[in-house]
Amino acid sequence: LPLLLKATLLRLASGSYRPFYNGFYYNHIMNDNGDGQDKVDYFNGARLVVETSKDPVYSYNGANVTLPCHYRYEPDMGPKRKIRVKWSKLRDDYTKEQDVMVAIGKTYMAFGDFKGRAHLRQASRHEASLVISDVRLKDDGKYRCEVIDGLEDESDVVDLRLQGIVFPYQPPRGQYRLNFHEAEQVCQDQGAILANFNQLFQAWSEGLDWCNAGWLADGTVQYPIRLPRKPCGGVHLAPGIRSYGQRHRHLHRFDAFCFSSALKGEVFYLDRLAGMTLEEAKQSCQDAGAEIARVGQLYSAWKFLGLDRCSAGWLADGSVRYPIATPRANCGPAEPGVRSFGFPSKGRFGVFCYKER
């Protein structure tokens, strides 16, 4: 081969590049002659096909999940071949990938936050499924399963979605005080992460109606409206997700939409006859072998465990709230939800505590 063509073929074979498709398929053969010659590629007439789940795979915080991926050859190539598998996590706009794991045969390596949590399942012939243990909030998203056999490089995408709840958040100092990075931090402080658009859309479809704009994980600012009204985009706009588009992540300030999933522990309520100050509330939780609950933990307990308490309690951020699963007299509006008393500078209340199981 001319030197330039040979160099191009070697570059394609050594990286995860998608070769130009010309209607033919190739088989990568090692040269075992011991003469120092490089690999040779031969036409084999087979097509590599990679398939994942067309439907989203659902999981929740702390669970184990398997993202299915299988490959095959058309026509069948016979005995299982030694191929390379690469899993990547994608951004919603497909512009950037995060390496999750690569594997050749039974040898694999996981990267970043996936170290010790990701491995390949090869329970059947031509399987390349990804197993993620102890699922985390940030694991939600799209994953690419890529199978590489010589010059053949095919892939498919599967969507992992965490079952959870989106809640709007304002800090103690009031509305529209958070830039993007501060919004990321306040969600993290509340046992949550910034919600993505799919999570906000799901919350809207389940009834979330909130007229204050908040940051999402992609740097956009949006808000969900179920009942159109003048202060919220106008009465003539249809219900939906209102968007301000991309905003400056340092200069512009809004609220935050946070996302939390199921809990690994339980939230419970403590009280004294005379109530407690915030500091006394924190100490009471510690005395009970727990910690004062975060906002995201209270929302999760309300959503997934049906926590219902018509008594206000302190939370870790200094707010006072209470969860209502069954609306009733003297417990706020007629709809289920987490009620808020804001951030009282003084006062005595009960406390919601969180304890790991």
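Heads up, the Cβ atoms here are built off N, Cα and C, so glycines get one too.
Copied over from TrEMBL, here are the features:
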- 46-158: domain 'Ig-like' (DOMAIN)
- 165-260: domain 'Link' (DOMAIN)
- Cys211-Cys232: disulfide bond (DISULFID)
- 266-355: domain 'Link' (DOMAIN)
- Cys310-Cys331: disulfide bond (DISULFID)
If you count other Cβ atoms within 10 Å of each one's Cβ, which of the disulfide-bonded residues Cys232, Cys331 has the most? Cys232
Per-residue pLDDT averaged over the domain 'Link' (266-355) comes to what? 97
Where DSSP helix means H, G or I and strand means E or B, what are the helix, strand and coil counts for the domain 'Link' (266-355)? 21 helix, 26 strand, 43 coil
